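Here is what Swiss-Prot records for this protein:
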- Leu116, Thr117, Phe144, Pro145, Ser146, Asp147, Ser199, Asp228, His231, Tyr253, Trp288, Asn316: pyridoxal 5'-phosphate binding site (BINDING)
- Lys254: N6-(pyridoxal phosphate)lysine (MOD_RES)
Amino acid sequence: MSIEQAKKLDECFPTYKEEFEIPTFKSLGIQNDEYEDSTDSIYLCGNSLGLMPKITRTAINDELNAWSERGVESHFRHPGEEKGLTSWVDIDLPLLPLIAPIVGGKENEVAVMGTLTSNLNAMLMSFYKPSGKKTKILFEKQAFPSDYYAFLNAAKIFGYNEDHLIQIEIKEGKTYIETEDIIETITNHQDELALVCFSGIQYYTGQFFNIGEITECAKSFGITVGWDLAHAVGNVPLQLHDWDVDFAVWCSYKYLNSGPGGIAGIFVHEKHTKDNSIEQFKPRLAGWWGNNASDRFKMLEVFDPIKSALSYRQSNPSVIDVVAVKSSLELFKKVGGISELRKKSVELTGFLQALLTSSKYYIKQEETTDRLGFKILSPLNKGDRGCQLSVLFQPHYEEYSKNIMERVNKYLSDHAIVCDERRPDVIRLAPLPLYNTFSETFIAVQRLIEAMDKIAANEI
């Protein structure tokens, strides 16, 4: 592998880096005599926070201008209507045809609202219905802690304790959970499970769970199925409607580049909202923004839910947050959609894998050794992961100054290579097809190997 090969691959796969604001050595506060202050960083951290699309600044300023020029009037009479801007009362509606194809849902099955965990809690209150022996929730061990807290408290609301949470662990000698282990667990616990709710992509290992197969298995036993798509949305193609998923939640500040704490979203299969009559609607955490829009401002004490996922909205959304995520969603459409991006992503992460596995420091997943090196925790099969590779450094040292991962990460940071560390020993590398290139992926691995060489020589 060489930088020349990387450049040839860059000629085959377009980059949209020019559409984004890229942090530089100067903006990151990094002084390195080898580089000009204006040199772009290599940003491999879109799995934690996506970069800012350049058009986001204009989109936000348009709404600040509307606020300053018309105040409350902009809810119904936006000053930018002539150039296609939306009045605030309907600000989120233009996003539905943009997000629906990214998650593989119909427009009436998606809503832009809330935050990831608040949405998960809202879905749990509507879809977690323990009854008789079927009271338990199944999810993976090492799920993102916020999910665990939500599941635990949902169980406690119904009077159950943590014994009603079933978690599948990675088997000894493995680095991720096998699909057959999940299927076996669902089958063995079919009489106890009220809900199955895994991560679409596991945040720590980067594993892309087989959503279709797992959902089909659980549904065959009459079990409700939800998914946390925080690391899947905008990363891999999804087919939530066709997979018959009951509900899903996601955030937008990672692969959808909406900005820190950006507005999130939900999917609710249309079968759950088709009978949203006043008499028959499914109980949920409700609010006025989920009510029939034509009657919303009549302030009636009648909940008449919209016949779509929009009925799960509670309050009017933050206008600034909505237009921020809309900017990025429009980029997805502009470049041909998630399926086109996935083609590049598979090759880009495959290139990253090839570079890492060709190193003398690479240790196979099944190998047991304490030598200096690293393992890839993520599945090596390209179809079983998104863009992220989770790299485990060893041997483990508790002391910060000796810790291999910390020393590698510091060296990368000093060279303006931005990635995500997960203590005690993991660095998550995520080359994104929107704004990362094969050339910078090559350079990033080159720097990583340099760091390992310096550690081996006791130079850092």
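Numbers run from 1 along the shown chain.
In case you wondered, yes, glycine gets a Cβ from its N, Cα and C as well.
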Least buried by Cβ count (within 10 Å) of the binding-site residues Ser146, Ser199: Ser146
Rounded to the nearest Å - Cα separation of Trp288 (pyridoxal 5'-phosphate binding site) and Lys254 (N6-(pyridoxal phosphate)lysine): 29
Neighbours of Lys254 (N6-(pyridoxal phosphate)lysine) among the binding-site residues Leu116, Phe144, His231 (Cα to Cα, within 10 Å): His231
Maximum Cα-Cα separation (Å), residues Leu116, Thr117, Phe144, Pro145, Ser146, Asp147, Ser199, Asp228, His231, Tyr253, Trp288, Asn316 listed as binding pyridoxal 5'-phosphate: 31
Sparsest-packed of the listed recorded positions (His231, Lys254) - C-beta count within 10 angstroms: Lys254
DSSP-derived class (H/G/I helix, E/B strand, else coil) of Ser199 (pyridoxal 5'-phosphate binding site): strand
Under 8 Å by Cβ from Leu116 (pyridoxal 5'-phosphate binding site), same chain, sequence gap 6 or more: Ser146, Asp228, Ala230, Val249, Trp250, Cys251, Ala264
Which of Phe144, Trp288, the listed binding-site residues, has fewest other Cβ atoms within 10 Å: Trp288
Reduced DSSP assignment, Ser146 (pyridoxal 5'-phosphate binding site): helix
